[in-house]
Amino acid sequence: MSPSAVDDAPKATGAAISVKPNIGVFTNPKHDLWISEAEPSADAVKSGADLKPGEVTIAVRSTGICGSDVHFWHAGCIGPMIVEGDHILGHESAGEVIAVHPTVSSLQIGDRVAIEPNIICNACEPCLTGRYNGCEKVEFLSTPPVPGLLRRYVNHPAVWCHKIGNMSWENGALLEPLSVALAGMQRAKVQLGDPVLVCGAGPIGLVSMLCAAAAGACPLVITDISESRLAFAKEICPRVTTHRIEIGKSAEETAKSIVSSFGGVEPAVTLECTGVESSIAAAIWASKFGGKVFVIGVGKNEISIPFMRASVREVDIQLQYRYSNTWPRAIRLIESGVIDLSKFVTHRFPLEDAVKAFETSADPKSGAIKVMIQSLD
């Protein structure tokens, strides 16, 4: 049974699509960044020859640059995940289905989808208990050695492609960072009226702030070292209180100033989105007795924390690894307008200018919140 694939001028949502050469954004252990030919080839996209059972071919439209993408480029690793050869980046993507294997019935050519960037084994305990983010054999796109989504075309299992209807391509790509925040909210168990601290006004911190606000956190405080990022936080969430972190202060001193921003109330839950040792320590010092510090951010392999402060105050410390079962919820939140990410994309680049896009994302002076790469016109 041969795959059902696009022709040289395939139809999708009523318009002809020409298949261009497939190119991708690569890095390597030498920290080079470049654009080169990628798989599947244009010929394979046209014929559907590379499609496996259960897969569809997606013409990627928009991909956001994540901090982890920049980290793999600059550092060559995140913990034990090491770039060992030529490696394609990107895992925040949405696009259009342009070819469907005959075994797939859930999607058809022309469907607009967001790509959940993992492939799991469906056999290990985490998979069988619904926590597939802990899959022992997971292939997470853009995490070495699995190539990422910063390409024009990609084959992906249909089960991990979520229909987004008329949602914009950019919002479809932003479902991935929203899923990170939702996973944190779900496990941190933020409740109506909880005083919530969000550490870090980067994309994940900002999305987490919006989620906490939607969940009824009150009061709500967000911290950062950047005045411009805090101003952006206030713009998209007027009721948040912003708190600029002063570099050089001890964690205990920082905690006291944070509690002052709460009006003397100690946070019940902290959504720590930086992974920075000093920020985690300050959050522990600031927490109420029986409070929780939930670490979403990615940090160093080993850090020091104020252990006895956490002990005598019974502060729960939890951590997060990616997400599971969040995408349908994320889609509903954006479609309904409960979460508005329309201002998040501050910079846009075509795929051909991806190197400049990465330089912009990595430059603190650029003012970038989310840099979006558009793979196709």
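Even glycines carry a Cβ here, placed using N, Cα and C.
The shown structure was predicted, so the numbers you read here are calculated from the model rather than taken from an experiment.
Residues or ranges marked as Zn(2+) 1 binding site by Swiss-Prot: Cys66, His91, Glu92, Glu176. The DSSP secondary structure for His91 (Zn(2+) 1 binding site) is coil. Taking all protein chains in view, 24 other C-beta atoms sit within 10 angstroms of the C-beta of His91 (Zn(2+) 1 binding site).
A coil conformation is recorded for Cys124 (Zn(2+) 2 binding site) in the three-state DSSP classification, outside any helix or strand. Sequence-distant neighbours of Cys124 (Zn(2+) 2 binding site) (same chain, 6+ residues apart, CB-CB distance under 8 A): Gly134, Cys135, Glu136, Lys137. The annotation Zn(2+) 2 binding site is assigned in Swiss-Prot to Cys121, Cys124, Cys127, Cys135 on the grounds of similarity to another entry.
Long-range neighbours of Ile204 (NAD(+) binding site) (same chain, six or more residues apart, CB within less than 8 Å of its CB): Gly67, Pro177, Val180, Ala181, Cys273, Ile296, Gly297. According to DSSP, Ile204 (NAD(+) binding site) is assigned to a helical segment. Feature annotation from Swiss-Prot assigns NAD(+) binding site to Pro203, Ile204, Asp224, Arg229, Ile296, Gln320, Tyr321, Arg322.
Ranking the binding-site residues Cys66, Glu92, Cys121, Cys127, Glu176 by the distance of their Cα atoms from the Cα of Arg229 (NAD(+) binding site) places Cys66 first. Residues within less than 8 Å, Cβ to Cβ, of Pro203 (NAD(+) binding site) and separated from it by at least 6 positions along the same chain comprise Gly64, Cys66, Gly67, Pro177, Phe344, Ile369, Lys370.
Under the DSSP three-state reduction, Glu176 (Zn(2+) 1 binding site) is assigned to helix. Neighbour counts were taken at the CB atom with a 10 A radius for the binding-site residues Glu92, Glu176, Asp224; the maximum falls on Glu92.
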